[in-house]
Amino acid sequence: MDVKKLAQDLIPLVGGKDNIKGVLHCMTRLRFQLADMSKAKIAEIEALDGVMGVKEVGAQTQVIIGPNVAAVYKEVINIVGDLKDQAGKEEAETAKGEEKEKQKLSAKLLDMISGIFAPVIPLITGAGMIKAILVIMVALGLSDESSEYYILNFIADSGFYFFPVVLAFSSAQKFGCNPYLAAMIGGVLIHPNWNALVSAGEAVRFFGIPVRLFSYGSSILPIILTVWFMSYVERFAEKVSPNMVKAILKPLITMAVTSLVSLIVLAPLGSYIGSILSGGIAFLDQNVPVLVPTIVGAVQPLLVFFGMHLAIFPPLQTIQLAEMGYETVCGPGFLAAILACAGATLGFALRSKDKNVKELGFSTGFTALCGVTEPAVYGIIVKYKQIIPAVVLGGVSGGLFAGIFHLKRYAIATPGIPALPTFVGEDPNNIFIAIGTVCIAFFVSATAAFFLGAEKKPAKAAAGADGQGMETESETQVNLPAAEPNTLYAPLEGEVVPLEQVPDETFASGVLGQGFAVKPSKPCVYAPFDGTVIQIMDSKHAVGLQSKDGMEVLIHVGIDTVDMNGEGFELKCKEGDEVKRGQLLLSFDPEAIRRAGHPDITVVAVTNSFDYASVNVEKTGPAEAMDKILTVKNS
């Protein structure tokens with residue numbers, strides 16, 4: 001990639017020098033602050049060689065470059081002059097909330113909902129799949145009165161019954177309050193004594209104030225409203241509690257005030273709103289069943305690209321499933337859309353004469369068949385825009401078929417071939433309707449993409465930056481046995497999760513490299529192998545490394561933490577340092593990250609993944625620093 005040419009081509013497309021108020025970069029993106037964002041020619045920027053994508057977030061136009069972003073940034077600064085101080089000032093203002101207030105309310109709402117639901121989707125999926133397997137087992141002869149059925153059923157039910165507790169924890173992380181207190185308050189809404197009051201149905205008062213009786217098992221809106229309110233109560237308690245008794249008084253005020261206001265006001269209000277939404281869904285389901293799956297089948301891939309699918313659909317499908325025992329608002333349309341993505345990607349790959357495109361198309365297409373569409377969307381569909389009509393046509397065709405025959409989904413899981421059991425239910429024909437939806441969406445989109453798939457050159461994925469090591473003296477923080485070649489060890493302690501769980505589409509899709517993420521339990525980041533520090537951000541939140549074997553890795557603490565301008569981060573290394581496995585690279589303050597409104601999930605991505613035949617994550621779940629997590633195999 002010619003970084004100088006990219007910078008020269010990029011500046012006119014963002015409106016020229018005079019339109020650039022400031023520019024910063026994180027580990028993967030150029031972040032422009034433009035006087036007039038409408039002057040940015042997004043489509044032309046995305047077509048530039050070296051650009052992976054463009055996002056408009058709040059007051060920023062973010063151009064996704066990849067690990068070479070620092071080199072492009074330097075060329076941009078050479079052309080427009082040093083805007084760093086001005087950009088830094090505006091970034092600080094953004095962190096304080098001045099720029100955020102300019103965002104539309106709808107954008108804030110979508111960001112909030114997606115941030116809350118993204119971490120809990122695996123719970124819904126796992127519980128839903130157990131339910132689906134149970135239905136199949138009963139159809140094959142298992143008695144629904146057997147102990148096996150009883151045990152598996154309450155295991156699955158636990159995921160939904162205790163959903164308010166889990167959702168409270170996730171909401172607290174998004175709203176920046178104590179997640180453990182929030183989980184406790186979620187437990188208040190499903191406490192057996194509360195459910196006993198609901199079952200009795202007698203009038204309940206608290207010091208003369210009437211308390212409305214609702215069952216909040218599997219509820220969504222009541223707990224989100226409650227935790228949102230709790231975030232303000234906790235801040236108030238922090239201010240008014242004397243330091244000597246703050247450890248006691250702060251949680252007391254937070255728990256007591258939030259719980260009572262929730263039971264008396266917020267939870268009933270959320271339940272009323274949920275009933276209205278449920279009624280609207282039921283109306284559409286009964287009167288125009290064809291409409292919703294057809295529309296969802298058409299627009300779902302586009303919503304994935306804009307990162308809105310996690311904000312719009314999870315609340316609606318969960319509400320309908322809790323109320324009706326099945327859902328039609330998401331599952332049927334999703335099934336059509338995802339198979340349309342798979343079909344279009346594979347059809348395009350079949351037509352392509354480029355070996356690399358074929359390999360990428362077939363690999364991401366088969367991944368999409370299993371329900372994971374982001375690699376196909378980012379790797380093929382948005383790069384070769386001529387096949388987007390094929391995706392839409394396949395989604396509409398499959399969605400229309402699903403709507404005509406009123407396809408239902410009885411459990412929530414990411415739609416794809418492995419999730420077809422979620423369409424097994426009381427109606428024995430339902431599974432055959434689902435299979436018909438799959439076939440129509442797949443073959444229509446594959447055929448259309450094959451004929452539309454005359455290639456044009458896509459933007460290339462950026463390669464990693466080069467760096468020369470310098471001799472430094474740094475102490476290794478832990479004593480370790482000899483390292484294995486082509487191996488990446490956990491750079492910090494915490495829960496290792498798949499990259500797909502990161503609440504940022506660019507990282508989650510793997511477009512910047514395969515890898516994993518860590519939900520940290522200790523705020524220290526260590527070198528995951530012997531190698532060289534090739535890049536460090538001025539904002540101190542991310543480090544780029546290259547191993548002695550040539551593996552290039554990005555360690556990125558938190559999401560959008562570039563906005564913090566280094567506050568809460570302390571570097572223990574510098575660019576060019578040669579480091580040993582287990583050497584401390586940086587430390588961070590999790591509370592500072594949460595106060596700034598960001599998740600502290602840490603991304604570990606192999607940015608030169610395409611140099612390897614395979615990148616394998618060998619361990620997920622709880623991990624100590626320096627546990628063996630990932631290996632690569634050379635081509």
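Using N, Cα and C of the backbone, Cβ positions are placed for all residues, glycine too.
Annotated active site, phosphocysteine intermediate per TrEMBL: Cys26, in sequence order. Residues or ranges marked as domain 'PTS EIIB type-1' by TrEMBL: 4-86. The annotation domain 'PTS EIIC type-1' is assigned in TrEMBL to 111-466. Taken from TrEMBL, the feature domain 'PTS EIIA type-1' covers 504-608. TrEMBL lists 116-143, 149-169, 181-201, 213-233, 253-284, 290-313, 325-350, 362-381, 388-411, 431-452 with the feature transmembrane segment.
Proximity of the transmembrane segment (325-350) to the transmembrane segment (431-452) is established through 3 or more Cβ-Cβ distances under 8 Å for residue pairs spaced 6 or more apart. The stretch from 116-143, 181-201, 213-233 that makes the most Cβ contacts under 8 Å with the transmembrane segment (253-284) is 213-233. Non-local neighbours of the transmembrane segment (362-381) in the same chain are 52-53, 301, 304-305, 338-339, 341-346, 348-349, 387-388, 391, 413-419, 500, 505, 508-511; each lies 6+ residues outside the stretch with a CB under 8 Å from one of its CB atoms. Long-range Cβ contacts of the transmembrane segment (388-411) within its own chain (Cβ-Cβ under 8 Å, at least 6 residues beyond either end) map to 127-129, 131-132, 135, 289-301, 317, 321, 325-328, 330-333, 335-337, 339-341, 343-344, 347-348, 381-382, 421-425, 427, 429-430, 433-434, 436-438, 440-442, 444-446, 448-449, 452. Averaged across the domain 'PTS EIIC type-1' (111-466), pLDDT in this predicted model comes to 82. Helix, strand and coil counts under DSSP for the domain 'PTS EIIA type-1' (504-608) come to 14 helix, 45 strand, 46 coil. The DSSP breakdown of the domain 'PTS EIIB type-1' (4-86), given as helix, strand and coil counts, is 36 helix, 22 strand, 25 coil.
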